[in-house]
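Here's what TrEMBL has on this protein:
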type	residues	note
TRANSMEM	26-50	transmembrane segment
TRANSMEM	70-86	transmembrane segment
TRANSMEM	136-154	transmembrane segment
TRANSMEM	199-220	transmembrane segment
TRANSMEM	241-264	transmembrane segment
TRANSMEM	276-294	transmembrane segment
TRANSMEM	306-324	transmembrane segment
TRANSMEM	330-348	transmembrane segment
Amino acid sequence: SQYSAVDTNPLSVYIMQPIWNKIIKIVPLWIAPNLLTFSGFVMILFNYFLISFYDWDYTASGSSPGLVPTWVWLFSAFTTFCAYALDSIDGKHARRTQSSTPLGELFDHGLDSWATSIFVLSFFSVCSRDNGKTGVSVYTMYIYLSIVLFNFMCSHWEKYNTGVLFLPWGYDISQVVLIAAYLLTSAVGVEVWQKPLLLGYYITDILVILLIGFSLFLSFPQTLYNIHRAHLKKTLKNDSLYEGLLPLVSPLLLFVLLTVWVVLSPSNILAKQPRLFLWMVGVAFSNVICKVIICQMSGTQPELFHWFLFPLALVVYAAISGMLGWTEEAVLAVFTALVTAAHVHYGVCVGRQLSEHLNIYIFSLKKRVQE
C-alpha cells in the first residue's frame with residue numbers, strides 16, 4: 001500500500017519543517033535513508049545506557065543531586081535533538097533520493113515503536129524516583145510509560161483502519177519538551193525538578209497532567225473521529241468491527257498481564273527493579289506493535305494473540321502465585337534478556353526478508369545484483 005501521512009501540528013508545520021528542510025540539504029545523496037533512521041536510534045540507545053550507568057535505580061537525581069555529571073544532560077539534549085532531526089528527515093531524504101520503500105517505512109516505524117519507550121525511560125532519570133520528599137513513584141512511571149505507548153498504539157491502530165497515518169501532535173511537542181528539560185537540567189541542576197513550581201505542583205506533576213490531558217482529550221478522541229470519518233466516507237480498510245478492533249487485543253492483554261504482575265508481585269518487582277521492568281515493557285510493546293504495523297502494510301489480519309503473551313502469562317503466574325519466591329528478580333532479568341534478544345532477532349529477520357524480496361540493501365542505495 002502507498003504510504004500516506006498527515007501532519008497538522010502547527011509546531012511541526014511552521015517551525016520544525018523549515019528547519020528540517022535546511023538540514024536535509026547538507027545530507028549527501030549517496031547516504032541511504034535507513035542509515036539516517038538507524039543512526040538516530042543508536043544515539044538514543046547509547047544515551048540511555050550512558051544515563052543508566054550513572055543512575056541504574058533512578059535515585060541519582062533525588063538522593064545526591066550531583067551523581068549525574070552536567071555533561072550527560074547536555075549530551076542527552078544533543079542526542080535527543082539529533083534523533084528527532086534524523087527521524088524527521090529520513091522520509092524527506094528517501095523521496096529526494098527516490099528510494100522510498102516499504103522496508104524504509106517499516107524500519108522507521110518499527111524503530112520508533114521501540115525508541116518511544118527509551119525516550120521516556122531516559123527522561124525518568126531527570127526527575128528521580130520518589131524518596132519520600134521529592135520525585136515520582138515507580139507506579140507513576142509505569143502509568144506514564146503506558147499512556148505514551150497507548151498513544152503510539154492508537155496512531156497505528158488508526159492507520160490500520162484508515163490507511164492514513166495522522167501524525168500525533170504529541171510527538172513534536174514531546175521531543176521539544178524533552179530537549180528543553182535536558183537543557184534546563186544541565187543549566188540549573190536537577191534541583192529544579194524538586195521545588196514546587198505552581199500552586200504547590202512540581203514540574204513533573206504538571207507534565208503528567210498535561211500528558212494525560214493530551215492523550216485522553218486530544219489524541220484518543222482525534223483517533224476515534226478520524227476512524228469515524230473514514231467510516232462515513234466508506235474508505236475504511238476493514239468491513240467488520242471485529243477486524244477493526246483485532247489489533248487492539250494483544251496490546252491490551254499485554255498491558256493487563258504486566259499490570260497484574262506490577263500490582264500482585266510478592267517482592268514488589270517494579271520497586272525492586274524499575275529499570276529492568278520498564279525496559280521489558282517497552283520491548284514487549286514494540287514487538288507487539290511491529291506485528292500490527294506489518295499487517296497494516298501488507299493488508300493482512302493480525303493473529304488474535306501475539307505469541308509473546310503465552311510465555312509472559314506463565315512468568316506472571318509463577319511470580320504472583322509465589323512460585324518464583326526469591327528468584328523473581330533473577331527471572332525478570334533472564335526474561336528481559338530473552339525478550340530483547342527475540343525482538344532484535346525478529347527485526348533482523350524481517351529486515352533481511354524484505355531487503356531480499358524488494359531486491360535492495362538496507363543500508364546502501366546500491367541495487368542488489370539479481371542472482
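Residue numbers in this text run from 1 along the chain shown.
Using the three backbone atoms N, Cα and C, a Cβ is placed for every residue, glycine included.
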Long-range neighbours of the transmembrane segment (241-264), counting only residues six or more past its ends (CB under 8 A):
139, 142, 146, 150, 153, 156-157, 160-161, 227, 270, 277, 281, 284-285, 288-289, 291-292, 295-296, 301-302, 304-306, 308-309, 312-313, 315-316, 319-320
Does the transmembrane segment (136-154) reach the transmembrane segment (330-348) with at least 3 CB pairs under 8 A, where each pair is 6 or more residues apart?
no
Under 8 Å between C-beta atoms and at least six residues away from its ends: which parts of the chain pack against the transmembrane segment (330-348)?
110, 114, 269, 273, 276-277, 279-280, 283-284, 286-287, 290, 308, 311, 315, 318-319, 324
Distant-in-sequence neighbours of the transmembrane segment (199-220), which means Cβ under 8 A and at least six residues beyond its ends:
127, 134, 136, 140, 144, 147-148, 150-151, 154-155, 168-170, 173, 177, 192-193
